């Protein structure tokens, strides 16, 4: 399959996914999620309602902004260096009378798969929310059930599963949202974006001036994802199991996206001369100096013998 055909197929797939997402949004938004019941003595759904510590807009801005900005600069650096060699990462693609610059191809090949996986993560998360309908920790607070119409126990005093809540709260949107606890959308998207970013840094960020910058950035990214997930629990938006499931879902989709969709592993940087990208890591330094190795000791011994012979000569 040539490059033009691949782009056309990608566009068709994007349109299909977009139509599916739009269809689910149009169908799911006006409808109600699965009407899960509860027990009156369930303390896990009696927490107060709190505003989001990390809003959806903030998550999108930071979660998408950091990886995309990183990819823009890293791919430009690699392109500028590799354009001087005869082994470029990406080639120019011709579309009739027009041609796509290799740098644009590089951005499409790195950002495109990330966005594709993010859309899949979002769709799977939202579908699961509406199908499962788990109650959020603040459900009772926003629902405000009419307890006079609810029987919490049977004739013998045993708890009864309440199937209809008879909510009296005025905010119907919050009441619907209170049934969308599992899995956590913030957690799944945050883990997807920042784990993908960590993998990208591992494969493409090879010009770090010090060996600790790359792992430091990776730890920061994963920490941001964990922090986002933890705030969902402390804000009483999700149960602990919700954020764990969301993080697991996002991580699994990252693995599948990186292996089967992106070219982060199929296109390696082994062909790039170290002098071009200034690769500085412990392994490169060890190969350059051979400190502490047998070869280095032999070289020093040979140099010492030459010095002794020179001094002994008349």
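Placement of Cβ uses the backbone N, Cα and C atoms for every residue, glycine included.
Taken from TrEMBL, the feature transmembrane segment covers 12-28 (among others).
Residues or ranges marked as transmembrane segment by TrEMBL: 56-78 (among others).
Look at TrEMBL and you will find 98-124 (among others) tagged as transmembrane segment. Remote same-chain residues near the transmembrane segment (98-124) are listed as 10, 13-14, 17, 20-21, 24, 64, 67-68, 71-72, 75-76, 78-79, 83, 88-92, 185, 188-189, 192-193, 196, 200, 204, 249-250, 253-254, 256-258, 261-264 (criterion: CB distance under 8 Å, separation of at least six residues from the stretch ends).
Marked as domain 'Phosphatidic acid phosphatase type 2/haloperoxidase' by TrEMBL: 111-258.
Within the chain, the transmembrane segment (180-200) has long-range Cβ neighbours (under 8 A, six or more residues past its boundaries) at 33, 54, 56, 59, 63-64, 66-67, 70-71, 74, 110, 114, 117-118, 121-122, 124-126, 128-130, 132-137, 217-218, 221-222, 224-225, 228-229, 231-232, 237-239, 241-247, 249-251, 253-254, 257-258, 264. According to TrEMBL, the feature transmembrane segment maps to 180-200 (among others).
Taken from TrEMBL, the feature transmembrane segment covers 212-231 (among others).
What TrEMBL records for 243-261 (among others) is transmembrane segment.
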Do any residues of this chain, six or more beyond the ends of the transmembrane segment (212-231), have a C-beta under 8 angstroms from a C-beta of it, and if so which?
52-54, 59, 62, 66, 184, 186-187, 190-191, 193-195, 197-198, 201-202, 205, 243, 246-247
Within the domain 'Phosphatidic acid phosphatase type 2/haloperoxidase' (111-258), how many residues are helix, strand or coil going by DSSP?
97 helix, 5 strand, 46 coil
Over the domain 'Phosphatidic acid phosphatase type 2/haloperoxidase' (111-258), what is the model's average pLDDT?
95
